[in-house]
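Here the structure comes first, spelled out in structure tokens, and everything after it is commentary.
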Amino acid sequence: MSKILVFGHQNPDTDAIASSYAFDYLAKKAFDLDTEVVALGDPNEETAFALDYFGVSAPRVVTSAKAEGASHVILTDHNEFPQSISDIREVEVYGIVDHHRVANFETANPLYMRVEPVGSASSIVYRLFKENRVDVPKDIAGLLLSGLISDTLLLKSPTTHASDHRVAVELAELAGVKLEEYGMAMLKAGTNLASKSEAELIDIDAKTFELNGNAVRVAQVNTVDIAEVLERKEAIEAAIKEVMASEGYSDFVLMITDIVNSNSEILALGANMDKVEAAFSFKLEDNHAFLAGAVSRKKQVVPQLTESFGA
């Protein structure tokens, strides 16, 4: 078997980078696999903060597994093929570690698959370290903690599992950081949107979902000031329309999430706005609406859209 590539989803967030980096280490230590961690995009500013803090180099970016001479891959923090590497259907999926819904996914052969309804893929990878009695190095503990903090907004998201609190405390101790202090510093590092173009902003953390025959792009940006982001609304809408035309998305839903007050503004464009409105029981005014208490795409947006588009 050729070298196995380990990677998270396209437009990688902190959990995608952290879980793949840590699982690559575990695969070598516990399973004696010939693996290499790579990424499907450059780290965002939040992830770059975590990597720099713990002295870890970002994984190299690849666009094709076969171009790297790999015939097998391991996916972390995702399983849906539209969110994965470009030639995912041409290689064999050797394993998956994920915490999302399972959809748009099939394999020709059996595989290792660990999917749990917890706050982050990093939480699962940490559990695998413990199950296999592999010590967690300080830098990897820091990355796993960062992945958990990122995906749960410092354990405030409704996706947070009861076990994640204990995991966070243990990882913080292993990483040698104060949980709240480090967590807020990392999250704030990811809210610097002023330096991003509108095209970059809507692609920072975006995933495509196949919903009843529609390609729906759902993106999320974190901020401490929603109004500041909405000041760029006209330019953001222009960027959304451009990417919808070029990529063939039927609809685009952008979550602008206030990480301090735990609310989101939804900015949406596309052919099925009636379904978007029905999903959240709100009325879009000038293409946007407030969604109180919403911070999680995985739990508070995608399931609702899936149900509405399927109705």
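From the backbone N, Cα and C atoms, a Cβ is placed for every residue, glycine too.
Because the structure is a prediction, the values reported are computed rather than measured.
Same-site candidate for Mn(2+) 1 binding, as annotated by Swiss-Prot with HIS9, ASP13, chosen from ASP34, ASP42, ASP52, ASP77: ASP77. In Swiss-Prot, the Mn(2+) 2 site is described by ASP15, ASP77, HIS99, and among ASP135, ASP139, ASP151 the residue recorded at this site is ASP151. For the Mn(2+) 2 site, the Cβ centre of ASP15, ASP77, HIS99, ASP151 serves as reference, and the other residues of the chain with Cβ at most 8 Å from it are ASP13, ALA16, SER19, THR76, ASP98, HIS100, GLY119, SER120, ALA121, SER122, SER123, GLY147, SER150. Annotated Mn(2+) 1 site HIS9, ASP13, ASP77; additional same-chain residues within 8 Å of its Cβ mean position, judged by their own Cβ, are GLY8, ASN11, PRO12, ASP15, ALA16, ILE17, SER19, THR76, HIS78, GLN83, ALA121.
Per Cα geometry, ASP77 is the residue among the binding-site residues HIS9, ASP13, ASP77 nearest to HIS99 (Mn(2+) 2 binding site). Recorded residues ASP151 (Mn(2+) 2 binding site) and HIS9 (Mn(2+) 1 binding site) have their alpha carbons 14 Å apart, per Cα-Cα distance.
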